[in-house]
Structures are given as structure tokens and as C-alpha cells.
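Q: Just passing along the structure, written as C-alpha cells.
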């Protein structure tokens, strides 16, 4: 794309955008939520889930607002530059400026002076037509210290996220296909523990099987890092259907056991000791802010984008609640697996082999569709970090080097360890908190200040967040910093007891 370092890609409908966002948000966090619900108590869990969902929706609208402000500033800067160039040649050549700049069928104001457009704030100036990654927005709205802190946070999170995904898929495949007893499909859900050195198939150990699956995962999904997120469009749609089927299936199976009087769960109302784990799971389960530019920009009609996002959050919250409540009443706390789907791979729970394998392998489908989106987001942020105004990358750097530095480190981490608990804890507790709360709040605050300076105080961003009062930004910042303190204090206190 001329003049840009990332391209928008082909447009898709708002409903495809709904699918993309649902797939991105509902990842590994959803599968660990029932266990977190059980350890924290159903009332505390429900309240915290709803509150964190609301907070995540609020910061999502902050990011969309900042994207619109960034598009407006980029468009205005080009208009000013073209105006200066044309005034050097011919002071009366203002018509072609707006013709070129306000493209894609939006309203044009050929005879209106550029400064008039600036003051009046044409509604089209805030259209989100160019993909501006969060790194580029940080460069536009933050000072140098803020930009460096942003990149430190986003790169740690995305690398951690990719490492979690690269490890979780092989782990799931290993758990389903390997067995020390020879019949793992019926024993995985009974709480049996296995070591990495246990045999899998003949002389092949479980850790060897894990690494074989990791190599296959890298070869199959790694190439998507070298292309655009839209290349996974049909894969996203297909796996979204499988996602709905899997969630509904687990909810129905749990309800059947409860209705037959086979329910074993007696969840408590509140257990404060489980809040820390629940907090990390919930933050991770609503994470999407870092990939919004890749998902929102290609949507063809963005008039009701905030309502579209709200609908996504309501659907996801309903699924999380149904899944978790049926789980904690169906299974005892000590039998709930960290990966909830593994509870349904026990022959005593379901005797249909196809359903057992489908649910046991469901994490593979979930994570596999998220991996390319996260990888492309990290690649684009690397490109933005090193980009210089007016510069372009050589083909080898653009198409080979950036995708390689995106893909190789998380695969190496996954090769060395598959300790998902540690990876999720480090990634979600700190970097995830910053990305979901602090960065969007600062983006909204700084973009509003810059918009007023450039376009005047009377200009209204058409994608302005419904939470437009400064109180909400302050509230999010206080909450985000409080979470840092809370998580750190819990880690310190937990370590001191060991």
C-alpha cells in the first residue's frame, strides 16, 4: 500500500468482523474459566466476570476512538502537505487535494479551503479507512518514554501469547493421543497424572510426542505469519461454527448429567483465596485490544461498530456464564480439569468416542485460529517500531525478517517448556493488564487532547467512545494500577509462605 507500512486488506461485512472478534476473544481463557470459578466461588466469580467484561468493553471503545482520531490526523497531515506543495506551483489548485484524500466514496468538499475542513471537522475526516496499529497510534499520541513503555508491554505480551499458543496445542494433542495405560481417551478425565518421560508410542516418550506436534504446528500455521490476517477468513468462519458447537455441546452434556441427578458439584459462594487466579483468567479471557486495528479496519460498514462490539461481549459473557455454572454444579471441584474440555474425555461422562475426541481436540481448533491473528499483529508492530517517515523496507526485510523474528522466539520457548501456568501468569498478570486497561485509557486521553488542538474544541469524533467523560479514563487508570499492586502483593505473599 503506497504511503503506508501495513495494508488494510480486502473488506468484509460487519458479521464477518463479529466472527473474527468472537474467535479472538474466546480462546484458552474460556477453557480454564470453570476451574477458576470453582476455586473462587460462584458469586464472586460472576460479579468479577461481569465487571471485567464491562471494563474490557469500555477500553475497546477507547481503542476504536483512538483509531478514528489517528486516521483523521494522518488524513489532515496529507492534506496540509499537498496544500503546501500545490501552493508552490499554483495557489488555486485546491480541488484535486480533497479529491485524492477523501477517497472510497466518502463525501468530498472540493471548493472548501483546507483550514475550513480542519475547523468544521468534516464527518469523513474520522472515517477508519487506514489500518493504524497500536504501535503507530502510540507514536502519534505518546511522548518518547510512553512509546518505549508501550512497545515493551505489547511485545512481551504478544510473544508470551504466541508461546502459550505454541505450547498449548501440542500439549492438548499429547494429552489426547498419548497414554501410559494404552487407553488415554477414557483416562484423561479421571485425574491421572503423567510425566514427560512416560512412554507414548513404543519408544517415543511423551515429551518427544509433544515436540513432534510442536514441529507440525509450526509448519502448518507458521506460514500465515508471512501473509495477511484475511488469508484465514474461511478457516475463521469454519472454526467459529465448531466453537459454538463445542460450547453448546459441553453445556448440554453438563445439563443432562445435572437433570439425571448425577451432579457432583457443590460450589461455595465465595473463596477469597481463588480471586487472584480468577482475575488472571478473566483478564486473559476478554483480551482483544491489541488486535482491534487488524479486525475493525477491514469492516466495510462501521457506523454501528460500538454496538457490534457490545453484541460480541454480551454473547461471550453469556457463554462464559453458562459454561462455568453448568461445570461447577456438574463436577466436583477436585475433579475439574484446568482445561475443561478434558472432563468430557472420560468414558464415564460420555460414551460416544467421536464426541470425546472432538471435545478433547477442541483447544487445538480454538488456538490454531487465534495464532495467525496474534502473529500478524506482532509482525506489524515490529514493522511500525522500526519504521521511519518516508522510508520503505527491502523485500527481504519486509517479507522474511519481520515474520521470522515474530515466529521463531515463541516456538523456541515452547520447545524448551510447556509450563502453561507460568507462561500465562507472567503474560497476563502484567503485560495483559497494561494492554487491556492502561494503554487504551492513555490512548483515549492523549488522542482527545491532540484532536482538540488540531481540529478545534467543537470537533466531534464520529467514533467517540460512549464513555466520553474524563471520569471513565481516570477510573480505568486507577483500576489498572491497583491490579498491578494487587497481583504483585499476592505473588509476594504466596512466595513468602513457601
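Note that Cβ sites are derived from N, Cα and C of the backbone, with glycine treated the same way.
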Q: If TrEMBL is the reference, give me the range from 241-258, 259-276, 331-348, 385-402 marked as transmembrane segment.
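A: Result: 241-258 is the stretch TrEMBL calls transmembrane segment.
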Q: Looking at 109-138, 169-198, 349-378, which stretch does TrEMBL describe as transmembrane segment?
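A: Transmembrane segment, as annotated by TrEMBL, spans 349-378.
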Q: Considering only Cβ pairs under 8 Å, which range in 12-33, 39-72, 141-160 makes the most contacts with the transmembrane segment (471-493)?
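A: By the under-8 Å Cβ criterion, the transmembrane segment (471-493) pairs most with 39-72.
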Q: Looking only at the domain 'Amino acid transporter transmembrane' (20-67), what are its DSSP counts of helix, strand and coil residues?
A: 45 helix, 0 strand, 3 coil
